[in-house]
C-alpha cells in the first residue's frame, strides 16, 4: 500500500528558521492541529520553555499546561486555565499581556489564525514599559493620595477658618450690640442733662449762671462727640456703614465747610480759604463732608496763630483731588501710618491741642468705605497736605439736593403748641418738658401708652406734635405712634426720638414716614424741627 504523500505546510522547512531567528521578538507557528511547526530562539527563551516543548510537533496544549502550572496564567487549576487560554487564542485574533514567572518579565502576546487553520503566535518583551506604567501609576496614586490629603487638610482648615470667621463675626456683632446698648443707656441721662442745661441757660440768660450752664453744655457736647465717634467706628468695623452715592457740586460742599470752620479759624487768627473750580463728583455727600470736616478741623487745630489753611480741588484725570493744606507743625514721614491708629497722638500735637486721636481713624475708615484713595505729604515744621481722590462726573449732572430751610419761627411763637412727649425715662420727660414749656409750649408727658389711657391725657386735648421714644417698656415707639394716630384720627405730626442710632431703626422709621431725632437731643435741632413741623399745622 502506498502511503499518501504529505503536503508541505506553508511554514515548513528551514527557510523560515533562519529569518525568524533574527527577529527581536518571539514567534512560533502551530499547524491546524495546534502542533508546533517552527519557532525562534526568542520564543523559547522568552517563555522559558524546556527543550522538549520547543521541538516541532509539540502540542500547544502541553505548552499551555506547562506555563499554567508555572503560574503564568494566574491562580486556579492549571488544566482549566490552559483550556481557557487555548479557547481564547484560537477563536479570534487576540492581544494580551502575560507575566513570565520564570524570567519575571512582562510579555505582550499576539495570536492570529490563518486561513488554513494554523496559528501564529508572537510576543514582545514589554517589561520596561510595564515597569514605567507601574511607576507612573504609583506616582499617580501617590499624587492622588497627596491631593486627597491636601484636600482633607484644606477642608479641615476651611472649616476651622469658617468657625473662626463665624466666631469673629459673632464677637463683632456682640461688640456692636453691646456698644449700641451701652450707648443707649449712656445717652439717656446725657440727653436729660443736655436738656436741663439748655433750659437753665435760657432761664438765666445774661447772668453768671448762664455762663456756667454754657460751660456744662460744652462739656456734655464733648462727651457726646466722643461717644458718637466710638459708635461710628464700631459701625464701620462691623460693616454697618451705609453708603449712598449721589452726584453733587464739590465746590458747594467746600464752601459750606469754609463757613462752618471760619469762626474757629478767626478765633485762632488763622487764614482759612477755599479755592478751586466747580466740579460734579460722585460720592456720599454726608460721609465725604465728614472726611473734609475732620481734615480741616485737624489743620486748624495743629496750625499755630498766624498760619494758613487752604482747602482746594482740582481735576486729575477721571478724578477730582481734594486738598487740605496747612502750615502747621507737620508730621514725620515715619509716623504717617501711626496717626491713623485709634487713640494715637503725636507728642508735639498733644502739646498743642486737646483730643483723643480718633478723627483720622474715622477718615481712613470712611475713605475705605467710599473707595476713595487718600494721600499724605508732610514735613516737620513746614505743614501737611492731605489729599482725597473722588470720581469726576463728566456730564456734570447733579443729583437734586433737598433744600434746607432756615427756621423762621422764634421760640416765643410756640406759645400754645400742644406737644405730647412719651419716654420711659422720667428724668428725660422732666427735662424735655422744662425746655418746651420755656419756649411756650403746652406739654404733656407719659412713660407709656397705658399711662396716657389711664390719665385720659387725650380727653379734650389733642397734640399738635408727638415726640416719641423708640425703646418703650412694652412696645416700640413706631407701634405706639400708630396707636396714637388711630385714637386721635386724622393727621398727627410725630417725631421718633431715640438713642438707638442703628441703620435698621432709621430705615424702619423712614419706611413709616416718621422723622428721627437722635439723642442726646440738641436744643437747636429740636427748635428747628418744631419750627418746620409747626408750619404744617
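Each position is counted from 1, following the chain as shown.
Positions of Cβ are set from backbone N, Cα and C atoms, glycine also.
Taken from TrEMBL, the feature domain 'Histidine kinase' applies to 181-394. Averaged over the domain 'Histidine kinase' (181-394), the predicted model reaches a pLDDT of 78.
Annotated domain 'Response regulatory' per TrEMBL: 418-534, in sequence order.
Under the heading 4-aspartylphosphate, TrEMBL lists 469. Spatially close to residue 469 (4-aspartylphosphate) yet at least six residues away along the chain are 422, 423, 424, 425, 428, 477, 497, 498, judged by Cβ distances under 8 angstroms.
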DSSP residue counts for the domain 'Response regulatory' (418-534), split into helix, strand and coil: 53 helix, 25 strand, 39 coil
